[in-house]
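S.K.: Relevant sequence annotations retrieved from TrEMBL are reproduced here:
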| type | residues | note |
| --- | --- | --- |
| TRANSMEM | 58-76 | transmembrane segment |
| TRANSMEM | 88-108 | transmembrane segment |
| TRANSMEM | 151-171 | transmembrane segment |
| TRANSMEM | 192-213 | transmembrane segment |
| TRANSMEM | 219-238 | transmembrane segment |
| TRANSMEM | 250-266 | transmembrane segment |
| TRANSMEM | 278-295 | transmembrane segment |
């Protein structure tokens, strides 16, 4: 019977829903799209997603949750100005917004009221793009079998972004209006306006590239953290350990990048073998140390002066 069902149900993600169960005998419906929270098994039967996200799935969700927070912090810092004392409170508020949004998103996900979520296992990249695999048996009629095969890793990110946006609109304007005294009226809300731009961009990124991000995010973290650390140190004219200790803010930025490095390394290794993977975390300070040790040799003014002396 399983062979007949598989042969009759075309398409990579089309399946038959279970209509009734009488003892060990199941009655199936027509071949089509699986309901939300289900995906097809090897016999093309729609089955409930009863698993739990593994460590890598949680790391992916953590990465997607961090994106708006990091962007919030960047734009708050960018528009706050050097003399504004409101930046710290805005940073804390942004962290609070994203934390509350994450908790609420988990609570409203199935099972409702619990911080645990049930999920389907991601097997391959095509699981993220089921809309591309709708079959056309007669090359005229398309059987639409698009459903969330990676439930809920795809849609839960959209729900989280929606809560982030709502909480930001409720909390941030009141806070900024009261404490951002050091800024002009036109500059006070620029970090909020920036969020109104980057949230749609993040949503489109997840909609189009969610599957690609799922497999590539550890390497994206490592590359971006290395580049941004080098750019920050160069822009701040940090050339020695003494320059780092002059301002506490530089140490905070450095430790933040180290946390991102560690997150990327953990995501790549998945910590499957602790005795092999944990020593890799010793590499976290290496890029910063390399930069500090070599910065004095690559200073443009020194290179130009030595070049002029050579001539």
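Cβ coordinates are placed from backbone N, Cα and C, and glycine is handled just like the others.
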S.K.: Looking only at residues six or more beyond either end of the transmembrane segment (250-266), which have a C-beta under 8 A from one in the stretch?
M.R.: 59, 62-63, 218-219, 221-222, 224-226, 228-229, 232, 236, 238, 243-244, 277, 280-281, 283-285, 287-288
S.K.: Going along the chain, which residues at least six beyond the ends of the transmembrane segment (151-171) come within the CB cut-off of under 8 Å?
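M.R.: 36-39, 49, 53, 57, 60-61, 64-65, 68, 72, 93-94, 96-98, 100-102, 104-105, 108-110, 117, 119-120, 122, 128, 192, 195, 199, 202-203, 206-207, 210, 214.
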